[in-house]
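Everything on this sheet refers to the single structure shown next.
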Amino acid sequence: MLKKYAKRLPECSIQVRTLIAEVYVDIPARAVDKPFDYKVPDSLEQFIRPGMRVTVPFGRVKRLGFVTALKDHTDFTKLRNIDQVIDHIPVLTDELLDLGRWIADTTLCMTITAYQAMLPAVMKADYGKVIQLENTEKLKDVHPDLVPFYSSGDSIKWEDAVRSHPEKLNEINRALSDGTLSLHQQIHNQARVKKIITVTPAVSLETLEETAKSLNRRYKRQREVLDFFIHHPADSHVLADLVNRYGLSREAISHFIKKGVLRKEKQEYFRDPYRELNQVRTQALTLTQEQHAALKPILHAIESDEDRVFLCHGVTGSGKTEIYLQAIQRVIDLGKEAIVLVPEISLTPQMVHRFKGRFGDLVAVMHSGLSRGEKYDEWRKIREGRVKVAVGARSAVFAPFSRLGLIIIDEEHESSYKQEDSPRYHARDVAIYRSRYNRCPVVLGSATPSLESYARAKKNVYSLLLLKERFNHHPLPPVKIVDMREEMRDGNRSMFSTALFNLIKDRIKKKEQTVLFLNRRGYSTFVMCRSCGEVLRCPHCDISLTYHRTEQLLKCHYCGYAQQIPQTCPACGSDSMRYFGTGTQKVEAELNRLIPEARIIRMDVDTTRQKGGHERLLRRFGEGKADILLGTQMIAKGLDFPEVTLVGVLAADSMLYLPDFRASERTFQLLTQVSGRAGRHDLPGSVIIQSYDPDHYAVVDAASHDYETFYQQEMQIRYRHGYPPFYYLVLIRITHTDPGQASVAAGRIAEILKRNLSSSAQIFGPVVPAIARIKDRYRYQCMVKYKKEPELLPVLRKIIGHFQEPGKTACSWL
């Protein structure tokens with residue numbers, strides 16, 4: 001019968017569809033910076049999607065990769081199979097895949113580098129090697145010294161074998177050579193979802209009560225367990241909390257689980273660093289006329305799906321954050337999501353409280369103070385749609401939202417928004433690119449906008465929103481500039497001017513608080529022999545070592561090198577070693593000497609290294625447990641304490657004469673920001689700025705809170721010298737362990753630039769920068785100044801492609 005019907009079938013060709021995946025492989029080399037085609041096995045076809053991580057064979061090894069596209073054709077006749085799909089949902093959305101390609105194209109990084117930058121560090125692959133015994137029968141052929149390795153299985157980690165028994169390395173290599181053992185690579189997914197054990201009632205409330213009544217009076221611990229669940233019959237509780245927080249007996253709980261009265265389950269657990277916050281929910285505040293006028297166009301852009309860029313320029317304390325909060329509320333009401341970027345040093349507990357207080361569990365927070373597991377869980381909340389708002393530092397711009405409705409960049413002038421390592425993106429540029437993709441607005445906020453942003457607003461590229469008054473209508477604090485040269489002439493050699501010192505004592509007497517700012521950590525900036533002039537320098541960097549008194553060490557702030565303090569000069573043997581310069585540790589010691597009754601909190605990198613250190617110190621200050629908060633730029637912004645009525649800037653000139661065309665701008669911004677910490681509430685505030693150049697326009701304009709005048713003066717200087725925003729600048733940095741090689745390569749790069757760029761482009765260098773060596777690598781740099789240069793990116797791509805090959809000079813651009 002089958003043959004009969006088979007004869008009637010028409011002749012036809014049967015085509016089997018093959019699914020092909022384009023994969024970027026985790027090898028950071030220019031030669032492989034392209035997608036490779038892999039065949040998708042039938043078993044994976046149903047759920048593999050672009051944006052997922054996979055493991056693939058590449059040459060003789062296995063590597064992690066990102067699937068960027070799926071297709072049904074290829075130009076290659078023979079393909080290798082994908083080994084494994086790591087993710088159950090794509091970790092990179094279609095938007096982020098597109099964004100990664102754009103970042104790679106515009107910053108000249110490798111595509112795999114761009115993709116990895118978008119994910120938590122814990123999601124990077126951990127590559128390891130395993131020594132495998134081919135079969136147990138070969139165990140008799142293994143050298144006796146190696147037999148103990150295989151007592152518990154047929155494979156061991158290479159690292160474990162080498163670390164625990166380095167003397168057996170020769171025997172291991174011999175066994176590998178003769179085939180007794182084999183070496184295999186393993187890829188470990190470091191990202192782990194945390195699981196916890198929870199306990200819930202497995203029976204009805206009536207049964208719980210009956211069980212409790214039937215208990216013998218002697219079983220008090222069991223009765224405590226039943227009483228607890230009688231009062232919480234519908235709740236699921238973490239087993240560890242039942243034991244540690246509520247004091248219940250683990251044995252009694254286990255008893256009722258075995259009896260079937262309680263049920264034990266494993267549940268997914270999100271590590272939340274703010275779980276214990278006693279968060280008070282807040283309501284929207286009534287806006288001032290200025291705030292309402294600023295919010296209105298932002299709301300219109302949100303509701304109209306417009307990708308406009310707003311620059312919200314408001315004085316310190318003008319209520320920019322409340323505008324952000326009300327704009328975000330509208331985004332949430334529309335079923336969309338928002339990203340809020342805040343500089344790392346401004347991401348204080350106060351800032352987190354503002355957003356958590358308004359939106360509760362709809363907020364994910366991402367910053368460097370979190371553990372790797374906490375960062376991963378916050379990222380998962382975003383990816384799985386559990387939250388609507390992501391608040392974080394620079395990398396939060398990559399938050400994997402699917403319905404992005406608003407991006408806010410607070411303190412948009414901050415240099416920390418520019419990534420120094422590859423990929424060298426600017427968060428502002430990424431935000432604007434994402435806004436175009438999602439058709440949503442971007443809000444840039446600052447009391448001291450970058451000149452580039454303000455110039456764009458002046459030209460109507462950005463929409464300018466102005467807030468000229470503080471939210472509570474309190475005046476900006478009066479600022480007094482103290483000429484430290486006059487102090488010296490009057491015989492005052494202290495680091496504190498007479499005016500500042502008297503005001504500090506006055507505030508302590510009134511039980512008010514003071515903020516003292518010095519942008520230099522450590523005790524002394526350098527140590528010098530007064531006999532021969534020898535300065536103790538880092539052996540790996542061309543920079544002096546900084547003295548840290550609390551640890552009694554000399555440290556390099558560039559590479560981390562540390563050494564003990566020599567008793568005598570290593571150059572001449574003299575014991576005339578002296579400490580010069582002033583850091584926050586020295587200021588703290590001097591305050592303790594001059595005002596012993598003062599309670600001081602010092603905040604810098606050294607005192608906030610431990611997890612939660614930043615938050616603990618600020619909480620103590622906010623609770624009134626200190627009179628003086630002394631710190632570096634991490635105290636210059638984001639702080640709002642009602643009892644702070646005095647701000648003192650100890651050395652306004654510390655950044656003014658750095659070899660950077662933005663030095664004046666950054667000095668003005670920092671002075672303005674730190675001045676804004678005083679008098680933000682009912683108590684009036686005042687500011688003292690100590691300077692050796694009190695007539696410099698950056699200092700004078702900051703003292704008068706006059707951004708517009710500073711902008712006009714600085715723009716004239718930028719125009720005269722051809723600096724941004726009138727020209728673009730590209731800095732090319734060349735490094736090598738050999739100074740001669742670095743010099744030759746820098747010269748060749750300069751010649752390539754001159755030969756290939758137009759005559760309108762100006763090429764400067766190569767020159768040795770201010771710090772000629774860091775981490776034993778010698779440095780040169782070239783600079784390109786241009787207005788329009790279509791060939792620049794192709795030329796830079798060729799330069800980097802040649803000079804970054806293994807064994808050659810490292811080359812990067814900023």
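Even glycines carry a Cβ here, placed using N, Cα and C.
Because TrEMBL annotations are produced automatically, they should be read as predictions rather than curated entries.
Listed features, source TrEMBL:
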- Cys529, Cys532, Cys569, Cys572: Zn(2+) 1 binding site (BINDING)
- Cys538, Cys541, Cys556, Cys559: Zn(2+) 2 binding site (BINDING)
- 301-467: domain 'Helicase ATP-binding' (DOMAIN)
- 564-718: domain 'Helicase C-terminal' (DOMAIN)
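Nearest Cα neighbour of Cys569 (Zn(2+) 1 binding site) among the listed binding-site residues (Cys538, Cys541, Cys556, Cys559): Cys538. Its own atom aside, the Cβ of Cys556 (Zn(2+) 2 binding site) has 20 Cβ atoms within 10 angstroms in the protein chains shown. Cys529 (Zn(2+) 1 binding site) sits 20 Å from Cys541 (Zn(2+) 2 binding site), taking the CA atoms of both as reference points. The binding-site residues examined here are Cys559, Cys572; by Cβ neighbour count within 10 Å, the least packed of them is Cys572. Distance noted between the C-alpha atoms of Cys556 (Zn(2+) 2 binding site) and Cys532 (Zn(2+) 1 binding site) is 22 Å. With respect to their backbone Cα atoms, Cys538 (Zn(2+) 2 binding site) and Cys532 (Zn(2+) 1 binding site) stand 18 Å from each other. Across the fold, the C-alpha of Cys572 (Zn(2+) 1 binding site) and the C-alpha of Cys559 (Zn(2+) 2 binding site) stand 27 Å from each other. Counted over every protein chain shown, other Cβ atoms within 10 Å are most numerous around Cys538 among the binding-site residues Cys532, Cys538, Cys541. Around the Cβ of Cys569 (Zn(2+) 1 binding site), 20 further Cβ atoms fall within 10 Å across all displayed protein chains. Each residue in the domain 'Helicase ATP-binding' (301-467) has a pLDDT score, and their mean in this model is 93.
In the three-state DSSP classification, Cys532 (Zn(2+) 1 binding site) falls within coil.
Distance between Cα atoms for Cys541 (Zn(2+) 2 binding site) and Cys532 (Zn(2+) 1 binding site): 21 Å, as a whole number.
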